[in-house]
């Protein structure tokens, strides 16, 4: 009974984080981009700093007509937003925010995270294929190609941390973390973060939804609440990738003075800020540049990081 | 809620809740939205004018080679995980380190081969 109650409290916590943090990240993106690019639109609704924009968006999305094009494969088309969103919620079960503060401590946590995150991209591929729109298919294919290319550096960088910690459990990794891992795993951290961004199809890796070229890629035919679910998936993905980078490479809840969960939150939002900053500062990578960056840049660098981790670990330990 | 698979109970519960959240959002939308389909509305969107050609267009997928590369390397990379947790344990040490370099050498050779074959460039 106590076990069930304990699990229920943890679930409520995860759901609260899942429903609040992505919206905060979205709101932050509005405002940070508005400041960086001197945009007036996002600062208007509701008066002070456009605080009501998010609520207005929500009200609009929820009462829009649900249009499924005649050419679409209805069932797959309707399922795709759920397939894109739910994996990020499930991943949150194993991300620790403090000592003992984790949904469930799986002994294959890291492996589980990488496996489940890959499923999220399927939503985008399903959307592209089922829309019955040529631009959607192109976008879906690009999503698939991007997943293929960036999954490998992501896995290699993550396994470098697993080697350093000697465990695949995420709380175990954070407990084993020492400050000197920062320089030791620096290459891996950059690779993991960049590959994570690419897997989320965030700018500058947004070739699959390149709006000036293929309209909106897989999302072209989506409107209303289904489109909103895709957007929510994107922001939940940003939170998950930032949190994983913080857990694996930045020491999670470790930090002086402040309590652990506060440090975790600070690190996550610092990374979210970087994600937004990158979107504002970099032009979109062309499809071939995108593939080249993964195979010629990130994968060899990840192999170097693995060698470095192995040598230091065996010689020092 | 006990034993090895018991820890996956929370994961399963979270998955069910996720399905409920998505279903809830869609049914709230169903209650609030208008429903007035017209043939024009249900047309495939391309740029505002009528779509050109059918929805199944032929296109050349230029990056299918990356899929092969990925399958080859990802299968290798999966073996890293069980190895990563024990390679520095007492009694392994240098042996596993040498093995690691053999492994990395194979992967690097594969990428070098692909690069020399010019499949990493746009064709």
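Yeah, the Cβs are placed from backbone N, Cα and C, and that goes for glycine too.
According to TrEMBL, the transmembrane segment annotation covers A:7-26 (among others).
The feature transmembrane segment is assigned by TrEMBL to A:76-97 (among others). With a cut-off of 8 Å between Cβ atoms, the residues of this chain six or more beyond the transmembrane segment (A:76-97) that come close are 14, 17-18, 68, 103-106, 109, 112-113, 116-117, 119-120, 122-124, 126-127, 129-131, 170-171, 174, 218, 221-222, 226-227, 229-230, 232-233, 236-237, 239-240, 243-244, 247, 252-253, 260-261, 264-265.
If one looks beyond the transmembrane segment (A:109-129) by at least 6 residues along the same chain, the residues whose Cβ comes under 8 Å of a Cβ in the stretch are 73, 76-77, 79-85, 87-88, 90-91, 94-95, 136-141, 143-144, 146-147, 151, 154-155, 158-159, 161-162, 168-173, 199, 201, 208, 217-219, 222, 230, 233, 237, 240, 244, 248. If you look up TrEMBL, you'll see A:109-129 (among others) marked as transmembrane segment.
Feature annotation from TrEMBL assigns transmembrane segment to A:150-173 (among others).
Beyond its flanks by at least six residues, the transmembrane segment (A:179-198) meets 146, 149-151, 153-154, 156-158, 160-161, 164, 205, 241, 244-245, 248-251, 254, 271, 274-275, 278, 290, 294, 298, 301-302, 304-305, 308-309, 312 of its own chain at Cβ-Cβ distances under 8 Å. Residues or ranges marked as transmembrane segment in TrEMBL: A:179-198 (among others).
Sequence annotations record features per position, and here TrEMBL assigns transmembrane segment to A:227-250 (among others).
Listed as Cβ neighbours of the transmembrane segment (A:262-282) (distance under 8 Å, sequence separation of 6 or more from its ends, same chain) are residues 21, 25, 28-29, 32-33, 36-37, 97-98, 193, 197, 202-204, 238-239, 241-243, 245-247, 250-255. Residues or ranges marked as transmembrane segment by TrEMBL: A:262-282 (among others).
Only residues 6 or more beyond the boundaries of the transmembrane segment (A:294-316), in the same chain, are considered here, and those with a CB under 8 A from a CB of the stretch are 149-150, 152-153, 156-157, 159-160, 163-164, 184-185, 187-188, 191, 194-195, 198. Residues or ranges marked as transmembrane segment in TrEMBL: A:294-316 (among others).
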